[in-house]
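Lifted from TrEMBL, the feature list:
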- 409-422: compositional bias 'Low complexity' (COMPBIAS)
- 102-238: domain 'Palmitoyltransferase DHHC' (DOMAIN)
- 400-431: region 'Disordered' (REGION)
- 30-50: transmembrane segment (TRANSMEM)
- 56-74: transmembrane segment (TRANSMEM)
- 154-178: transmembrane segment (TRANSMEM)
- 198-222: transmembrane segment (TRANSMEM)
Amino acid sequence: MNAGVVEAPDWDAPQAEVGEKTVFRRMFHFGTIFAFSTITMIGAVTTFFALQAMPVTTYLGLFNTLCFLLWNYLTIGNLFNASFFGPGYVPRGWKPTNSQHEKKLQFCVPCNGFKVPRSHHCSKCDRCCMKMDHHCPWINNCVGHRNHQYFLRFLFFSVIGCIHAIIIDGSALYYAFFAGWNQRYGDGSVPIIFLTPFSFIALIFAIAMASAVALALTFLFVTQLRYVFRNMNGIEDYINGKSLNMRKINDDDDEEEIEWIRSLGEWKYPYDLGWKRNFREIFVSIFDGRTKGNGTWWPVAEGCSQFTFTIDQLLQKQSKRGRARIIKIDQDFEGTCCASRKYGWKIWMKQPIIDGKCLKVSAGEIIVATRGVSGWVYGFRESEPRNKGWFPIAITNLKTNGDPKTEDTTTTTSDEQSTDDTVSSEEKKDV
Ligand SMILES: [Zn+2]
Ligand SMILES: [Zn+2]
């Protein structure tokens, strides 16, 4: 897709804020300390063995060690920057200069202000985060507008670094294994490495950690990169899906509903500017880790406006309000991710954890259900509207005879808040 692009308008935009957490509080947190210690541990152990397996007395050895140290520096530097700069938060109580724009924007109750387009409220940071991707416990901060590129660079270099570490540590282990043989019969061309019990444990631990990190972060990086090419993130993908879903006409829709659906018109995701431009929106230059734009107004595809997305978010909430339904719980559900295993692998695998927690419910309870996705229903008790969560459809009275009508209704109901539609809990869990 290479449609025309409407550049971002130069309307007044709020200054992105750093948030309440000071640098000190962000850095001295379990997640951040864990991330930095893991990198340091893998880095130190691997450098120790790199110097033995491929001594720096040769050009190749020198190049190998310098490359490895460079990955270490880039991983730590980008992780630090991602945490230090933060995503940019919308100032509390913000409202657009043009009051006409107010009705096209979502309002955030905890922040007591309007949400800028593409922002979401993070309950952990208790602030609206610009172009929020997710709250990352390892940087103890949200990933969003300002630190998105640092975060992606961190993922990239940590994957490269871990793969390099596995190669170095793996060869060190190999040389250590044949050290005795090589010492006796070798011609001296192969490095001889002797391991003490302590260095052996450190080596095995480094290989295990590097493999685990490489695997997890490769997966995350590929997912992120796919979104970058679509100028999207996990939350926007989800909302985009709901926008498409909202326009689907179901068999049980009545005349009025069909008319309403038709009045919505066709849906076009407004931020997709063609893959090349999408990529450049995030990766501005090799030497500059900052991302483009003011975090409030964005370039959009031709035919879309600054408010295409926000208006649809408001519509989704409206449509959902009319479609909330009362359901009865037939069986207890403990509200943990393991507890859902009894309802089959498919249900267990498709847990909507990206979009909120599970809800503990007991048989006989009455729940207000606002939406559902593949085998899961989202709802709350009338007495506790703020305590919302997911539970399997199999434990409700909706499961009966696989009635397609009920399945459809829950699938098309949209968005998360029924009573309090202004608070967004769209928060994605990190890996
Ligand atoms: Zn907020
Ligand atoms: Zn956050």
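The backbone N, Cα and C atoms fix where each Cβ goes, glycine too.
Each residue in the domain 'Palmitoyltransferase DHHC' (102-238) gets a DSSP state, and the totals come to 77 helix, 16 strand, 44 coil. For the transmembrane segment (154-178), the list of distant contacts is 39, 42-43, 45-46, 49-50, 52-54, 64, 67-68, 71-72, 74-75, 78-79, 82, 190-195, 200, 203-204, 206-207, 210-211, 213-214, 217-218, 220-221, 224: same-chain residues at least six beyond its ends, Cβ to Cβ under 8 Å. Counting only same-chain residues 6+ beyond the ends of the transmembrane segment (30-50), those with a CB under 8 A from a CB of the stretch are 61, 64-65, 68-69, 72, 75-76, 79, 83, 136-140, 158, 161-162, 164-165, 168-169, 172, 193, 199, 202-203, 205-206, 209-210, 213. Long-range contacts of the transmembrane segment (56-74) within the same chain, counting only residues at least 6 positions beyond its ends with a Cβ under 8 Å from a Cβ of the stretch, are 39, 43, 46-47, 50, 153, 157-158, 160-161, 164-165, 168. Summarised as a single figure, the pLDDT of the domain 'Palmitoyltransferase DHHC' (102-238) averages 92.
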